[in-house]
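So TrEMBL has the following annotated:
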- 51-70: transmembrane segment (TRANSMEM)
- 90-111: transmembrane segment (TRANSMEM)
- 270-290: transmembrane segment (TRANSMEM)
- 310-327: transmembrane segment (TRANSMEM)
- 347-371: transmembrane segment (TRANSMEM)
- 391-412: transmembrane segment (TRANSMEM)
- 419-442: transmembrane segment (TRANSMEM)
- 462-482: transmembrane segment (TRANSMEM)
Amino acid sequence: MGRLVVAAAVAGWAIPIAALVNSVVPEPYMAQQYCHGDFLTWDPMITTPPGLYYVSLAYIASFFPVAWMFRVADTFDVLCSTAALRSTNVIMAMVCAVLFHDLLLCIRPGIGERKATTYAILVALYPVHWFFSFLYYTDVASLAAVLAMYLFCLKKKFWISAMFGSFSILFRQTNVIWIIFFAANESISYIQDLYPKDNVSHENIEATHQSNKVVSGRDTKTVAQGLRRRRINSPISKNVVVSESSKLYNNLTDEVWDICLKLWNSKCEVLIAFAPFAFVMVAFVAFIIWNGSIVLGAKEAHVVSPHFAQFLYFGLVSAAALLPWHFTPSQILDLFHLSGKNKTCSFLAILMGLGLSFIAVHFFSIAHPYLLADNRHYTFYIWRKVIQVNWMMKYMLIPLYLYSWFSIINILGKSQTRVWVLSFVLSVALVLVPAPLIEFRYYTIPFVILVLHFPVIDNGKLLALGLLYVAADLFILVMFLFRPFHREHEPGTQRFMW
């Protein structure tokens, strides 16, 4: 029932808004070349593989027999209109919401259908994701493939997961990092199953129960007793036990060493179980060697760069987009309380964070030529009016960057192991740091992963956040549709967008 509600809710706003967008902005896209059977034509400025085009072809082909039967279209390419191509992402937006709903129930079974449905609708309203649901960009389909890969990985259907992982690379090459992230963490869960005696913690189960408390109003004592008896068969019970067992290690080094030993001792079982992901990785490496780069087109404009400031931008943008989790008195007090437990370590961590952030901002803030020249994108104005408004501002933002990342790590650390948190942080860095261009679209996948693993909040905060998302969505849509502008040096109508 929850899936139907989520899909219906997304369709309820996506279909009429898509119709509005198509009526105001009817310009065609290159994918129409594929509808004519021309698979050799390729725009040299496009950097990603044609995964979205193949999905569109399959999607539109499913309608052709009926259209031909009722004489709506005599040839296949007649159906390949701009509106039809864009509707691919409307369908993908619905798929994303349903997959998020299923993932949340898989990771947190106690959350309940109603809460999972609310969260899925909230994520569907996330402004950056919402906006591109109506245009022909790869981001929505890319997210759908990554979420499907994660869901089947948690269900231990590794061949299907690897298949969706390979599909995700056809939408965006950097998704290979998320393949590694999911496979690596699931392999750790896999070996924990092989060593069950090392994974059960009877002393600290109550603390874990508090951080994963059930919000549906059931008797918490009964649930806690059930958690004690439950074996590590579901993703949530793994999170519970693995999070607790990580507390048995003195530090991160001990945890990593123990995992490495278990992986080595069970290397044959792990290699056999996760062979599908290895095949995908080998194919991807072969592609890079053949292509000479991770991108297909515009290679000179998308050179791998040490854009460490981008890592900081993601932290602040995600924390701001998840306001009820990060910028609240309780979270601020929690961080202060945590720093007070070990003042020396906390002081050194803050000092190191400030130092590294200063180096990233001072030496590795990259102003890509596209960022400086393209005034259609909001990042152009954020860069000029905020980050570069004066010489001091980029340094004044460092405490906000640092607080955002400390808050993210603190919240994740309450339900995940140290290794999981570290691998997530490294994955975000590997995806974002090499990208020289500031694009909020690049932040969507790690943002959604954060929401999946953040603790549950009450309905009032969810409603407030949802209303903020809706307000931002409407503002962006109105600016895009009804505030077009023209450039003297470039023909055609220009529109504001993310």
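Cβ coordinates are placed from backbone N, Cα and C, and glycine is handled just like the others.
No curator has checked TrEMBL annotations; they are predicted automatically.
Describe the structural context of these features.
Sequence-remote contacts of a segment are chain residues at least 6 beyond its ends whose Cβ falls under 8 Å from one of its Cβ atoms, and for the transmembrane segment (270-290) they are 158-159, 161-163, 165-166, 169, 173, 176, 179-180, 183, 186-187, 190-191, 263.
Panel annotation: around the transmembrane segment (310-327), residues 126-127, 357, 360-361, 366, 397-398, 400-401, 403-405, 407-408, 411, 428-429, 432-433, 435, 438, 440, 443, 446-447, 450-451, 454-455, 457, 461-462, 464-465, 468 of the same chain, lying at least six beyond its termini, place a Cβ under 8 Å from a Cβ of the stretch.
Counting same-chain residues at least six beyond the ends of the transmembrane segment (347-371), those with a Cβ under 8 angstroms from any Cβ of the stretch are 301, 305-312, 339, 377, 379-380, 383, 387, 394-395, 397-399, 401-402, 405-406, 436-438.
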Where else in the chain does the transmembrane segment (462-482) make close Cβ contacts, counting only residues six or more beyond its ends and a cut-off under 8 Å?
17, 20-21, 24-25, 118-119, 121-122, 125-127, 130-131, 322-324, 495-498
